[in-house]
Every structure is written in structure tokens, then in C-alpha cells.
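Q: Mind having a look at this structure? Questions to follow.
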Amino acid sequence: MRLVVCLVFLASFALVCQGQVYKGGYTRPIPRPPPFVRPLPGGPIGPYNGCPISCRGISFSQARSCCSRLGRCCHVGKGYSG
């Protein structure tokens, strides 16, 4: 009798530890929402792309980002291409 009680207890404990008994509710951390993305500074923003209309006033890293993401590349004296 004691053996049966012990085995039932161990089996129920194993199920609780594996999470088989409680299938609903909070089981893992809630993922953090993505950070707010601000438009690049340096002039008016083009429609829906987040890159400035003009190449003036933007940093090298901003220009490189617009070029690699959207194909809008700044050229010296010419402005955007693409």
C-alpha cells in the first residue's frame, strides 16, 4: 500500500515538474515589444521609407543605412540615386 501511494505521489510530482498538469496560464516571459523607430534627422522625410529626401545634413552611417536598406544612395554633388 505504501509503495502504491509513493509511486502515485512520484508520478504526480513528475507531471507537475514537466508542466503537463497546468497547460494554461503564464509559463514563460512575455517578449519585449520592438523599440520605437524614429525617422532619421536631417530634413523632410520621404513617403514611407524613413530616409530624408535630401542628402544634406545626414551622417555617413545614416546615408549608408538608406543605401543598403532601400537602394537610395547619396553621391557627392548629385544627391540620391535609385
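Here, residue 1 is simply the first one shown, and the rest follow in order.
For all residues, glycine too, the Cβ spot is worked out from N, Cα and C.
Sharing the feature lines straight out of Swiss-Prot:
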DISULFID  CYS51-CYS66  disulfide bond
DISULFID  CYS55-CYS73  disulfide bond
DISULFID  CYS67-CYS74  disulfide bond
MOD_RES   GLN20  pyrrolidone carboxylic acid
MOD_RES   SER81  serine amide
SIGNAL    1-19  signal peptide
Q: Where the distance is taken from Cα to Cα, which of the disulfide-bonded residues CYS66, CYS67, CYS74 turns out closest to CYS55 (disulfide bond)?
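A: Nearest in space to CYS55 (disulfide bond), counting only the disulfide-bonded residues, is CYS74.
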Q: In whole Å, how far is CYS74 (disulfide bond) from CYS66 (disulfide bond) when you measure between their Cα atoms?
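A: Cα-Cα distance, CYS66 (disulfide bond) to CYS74 (disulfide bond): 9 Å.
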Q: Just how many other Cβ atoms lie inside 10 Å of the Cβ on CYS51 (disulfide bond)?
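A: Excluding its own Cβ, the number within 10 Å is 23.
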Q: Around the C-beta of CYS73 (disulfide bond), how many further C-beta atoms are within 10 angstroms, looking at every protein chain?
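A: I get 16 for this one.
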Q: Which one, from the disulfide-bonded residues CYS55, CYS66, CYS67, has the smallest tally of other C-beta atoms lying within 10 Å of its C-beta?
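A: Across CYS55, CYS66, CYS67, these disulfide-bonded residues, the one with fewest Cβ atoms within 10 Å is CYS67.
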Q: Tell me the Cα distance separating CYS51 (disulfide bond) from CYS67 (disulfide bond), rounded to the nearest angstrom.
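A: Pair distance, Cα basis, whole Å: 9 Å.
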Q: Which whole-number value in Å describes the distance between the Cα atoms of CYS73 (disulfide bond) and CYS51 (disulfide bond)?
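A: If we compare the Cα positions of CYS73 (disulfide bond) and CYS51 (disulfide bond), the gap is 10 Å.
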